[in-house]
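Let me begin by presenting the structure, written as structure tokens, before commenting on it.
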Amino acid sequence: MSSLLLFNDKSRALQADIVAVQSQVVYGSVGNSIAVPAIKQNGLNVFAVPTVLLSNTPHYDTFYGGAIPDEWFSGYLRALQERDALRQLRAVTTGYMGTASQIKILAEWLTALRKDHSDLLIMVDPVIGDIDSGIYVKPDLPEAYRQYLLPLAQGITPNIFELEILTGKNCRDLDSAIAAAKSLLSDTLKWVVITSASGNEENQEMQVVVVSADSVNVISHSRVKTDLKGTGDLFCAQLISGLLKGEALTDAVHRAGLRVLEVMRYTQQHESDELILPPLAEA
């Protein structure tokens, strides 16, 4: 078969259920390096678009790499359309973004994409920082999230610190966190999943809060003491997979949390510093 046929017949193009836009590492299990295999375990097709490419996370004594240049990043997105690979696209997820300009480029691409995919689910994990570390992204990223990505998202998955940054409100107790989340809801943004709400430290519990216009659901999970990285990326991968498989939002959040706990325990049993995905049948 000639290469002309192989590479010019768009009817033969691979198709994606999900485009996942976030960080990638050569060594380790964060960003798309954990999200892609997790999504594939759920029987879904995913294309990974990197925002940064690093040798490993900065928690090691050496690391190399950095943000993907804007020209490359916009080209990665454009190429998916040029290859006609998005006919069956159902969702786009975002995680760690390297620069504010990437967020603007992504928002423009999503806006154009929506013209042909009116039912597209856009889920944004607004990676900004956490209570322990503060802001660990470039200082212009929070405003870029507010200006460009939040108006396009159907759902977002901030932690408490990120919710505070996005809303400018104190969220250190459950009621204030719920109120802050509700302040973000709009005709487009239908739900907020707060991934680190106030839990019961004495009972070793953590809480995930699912907030929509007409309901609030608090989901409690066991707390696993660990410094493992990438658990939030894994959670979002499991969440979007559950939603695309037809699970209700609260059920998908609950199942995603349970899967993350299973993976963390499995990783600890294997004495690894990086997340290891067990087969779903063993989880």
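The backbone N, Cα and C atoms fix where each Cβ goes, glycine too.
Of the listed candidates (Asp233, Asp251), Swiss-Prot assigns Asp233 to the same substrate site as Ser23, His59. With respect to their backbone Cα atoms, His221 (ATP binding site) and Ser23 (substrate binding site) stand 27 Å from each other. Put simply, His59 (substrate binding site) is 22 Å from Arg223 (ATP binding site) when counted between their Cα atoms. Within 10 Å of the Cβ of Ser23 (substrate binding site) there are 26 other Cβ atoms, across all protein chains.
In this structure the alpha carbons, written CA, of Asp233 (substrate binding site) and Asp125 (ATP binding site) are 8 Å apart.
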